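Student: According to TrEMBL:
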type     : residues : note
DOMAIN   : 2-375    : domain 'Amino acid transporter transmembrane'
TRANSMEM : 20-43    : transmembrane segment
TRANSMEM : 73-95    : transmembrane segment
TRANSMEM : 115-132  : transmembrane segment
TRANSMEM : 144-166  : transmembrane segment
TRANSMEM : 178-198  : transmembrane segment
TRANSMEM : 210-233  : transmembrane segment
TRANSMEM : 253-281  : transmembrane segment
TRANSMEM : 293-313  : transmembrane segment
TRANSMEM : 319-339  : transmembrane segment
TRANSMEM : 359-382  : transmembrane segment
Amino acid sequence: LQGIFVLGLPYALLHSGYSGLFLIVLAAALCCYTGKILIACLYEENEDGQLVRVRDTYEDIANACCKKLSPKLGGIVVSVTQVTELLMTCILYLVVSGNLLSHSFPSVPVAERTWSAVAFVALLPCVFIRTLKVVSKLSQLCSLVHFMIVLVVMTYCLTQIQQWSWAKFRLSIEFEDFLVSVGVIIFSYTSQIFLPTLEGNMRNPGEFRCMLSWTHFLACVLKTTFALTAFLTWGEDTKEVITDNLPSFLQTLVNLCLLTKALLSYPLPFFAATEIVFVCISRGNHSNYRPPLFALGVRGSFLLLTLLMAMFIPHFALLMGLTGSVTGAAMTFLLPSLFHLKLQWNKLSCLEKCADISVFILGSLCSLAGIVCSIKGLLGAFG
C-alpha cells in the first residue's frame, strides 16, 4: 500500500484540488471494505452454522460465481486481469526507472527511453527467479529504501514550511484531469490480488479484518501527509514524479535510491504474473511440470514485453491513471462487490446490498470515465 506510486499523489492533488484529499480518504475506506467482502467470499457456513474456508484464491471465487455459465470462465477473466495489472506495474517500474536515470544524469545526451533500456539490462536476472524466497529478500530491501526516500522528501518539505500556502489548492478543476487523478489514487491502494493468499497464510485469520482496517488507516494518513506536504511545497510546479522537484544536491541521491527501489520492486509483480501463467498452463495440461527452457522463454517474453511498452508509453502519471482505471478499478471495486452479491445475496442485509451496489456503480463510472480521459491524455501526449 506504500509503494513507489505514492510519488504520483502530489501530482494528482495538483489536478484534483481539495477533492483529491477527500479521494485519498474515500479510496482507503472503499478499498478496505472491498478487501473484507472479497475475503468473505472465501467462506461458506457449514451445517453447524460455522464459517468454513471453501475457496483459496481470487480465481476460485470467480469460478464459483460463473459456474452456471462456464466452470472456468470467471477464473480466466480474473487471471487475465491480474496478469494485465501485474505487467502494467512492471512497465511502470521501467518507465519511472528511465525517468529517474534521465534526471540523475542530465548532462548525458541519452533519451529517457534509452535509459529505460539500461534499467532493463539490470533486470535480466529476473528470468532465473524460481522461488518466492528470493523475491521476499528483495522486497525487504525495497521497503527499507522506500521509507528512507519518504523521510528525505518529507524533511526537505518541512524546511520549506514558510513558503506553504493553502492558496495553491485549486478550487475549480478540469473534469478530465480530475478523472485521471482518480485513477492514480485508486492504483496506489490496489492490493486485492494478494489478499486471499495473505489471509490464508495468517497465523490467526480471525484478525484479518482488524489488520486490514489498521493498515488502510495508516496508509491513508501517510499518503495524505506525504501528498499534502509535497504539494504545498511546490504548488503549480509539482511534477509527475515528485522527486523531480527536489534541488539538484538532493535530487541525484534520492533518484538513485528510487531507482534502486524500482528495480528491487520489479521482481514481485513479475514473478506473480509468470506464476499465474504457469498455473493456468499446468491446469490445462493437468501437470505441475514446467520444462526449464519453456519457463525461461515465458519469463523472457514477459520481460521483453514490459521493456517495449515502457519505451512506447513513457508517461508515468498517465500510464498509472490508465492502469488504475482499467485493472485497478475492476480488481478493487467491481469484481469484489459483484462476487459478494452473487455468493452471499441471501445472507446480506438491505444495507449491505445497497453498499455493494453503490460501490459497483461508483467503480464502473470511475473506471469508464478514467479510461476515456487517460487514453485521451496519452493520445495528446503523443501529438
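Backbone N, Cα and C define each Cβ position, glycine as well.
Those TrEMBL annotations? Automatic predictions, nothing curated.
Quick one: where do these features end up spatially?
Tutor: Note on the transmembrane segment (73-95): residues 4-5, 58-67, 116, 119-120, 123, 190, 193, 262-263, 265-266, 269-270, 272-273, 276-277, 280, 302, 305-307, 309-310, 313-316, 319-320, 323, 326-328, 330-331, 335 of its chain, located 6 or more positions outside it, place their CB under 8 angstroms from a CB of the stretch.
Note on the transmembrane segment (115-132): residues 94-95, 97-99, 101-102, 259, 262-263, 266-267, 270-271, 295-296, 299-300, 303, 306-307, 310-311, 314 of its chain, located 6 or more positions outside it, place their CB under 8 angstroms from a CB of the stretch.
Panel annotation: around the transmembrane segment (210-233), residues 1-2, 6, 9-10, 12-14, 20-21, 24-25, 28-29, 31-32, 35-36, 150, 153-154, 156-158, 160, 163-166, 168-169, 188-189, 195, 202, 242, 245 of the same chain, lying at least six beyond its termini, place a Cβ under 8 Å from a Cβ of the stretch.
Remote same-chain residues near the transmembrane segment (253-281) are listed as 3-4, 7, 76, 79, 82-83, 86-87, 89-90, 93-94, 96-97, 100-101, 103-104, 119, 122-123, 126, 129, 132, 134-135, 138-139, 141-142, 145-146, 148-149, 152-153, 193, 243, 246, 290, 295, 298-299, 302-303, 306 (criterion: CB distance under 8 Å, separation of at least six residues from the stretch ends).
Residues 87, 90-91, 94-95, 98, 113, 116-117, 120, 123-124, 126-130, 270, 273-274, 277-278, 319, 378 of the same chain sit 6 or more residues outside the transmembrane segment (293-313) yet have a Cβ under 8 Å from a Cβ within it.
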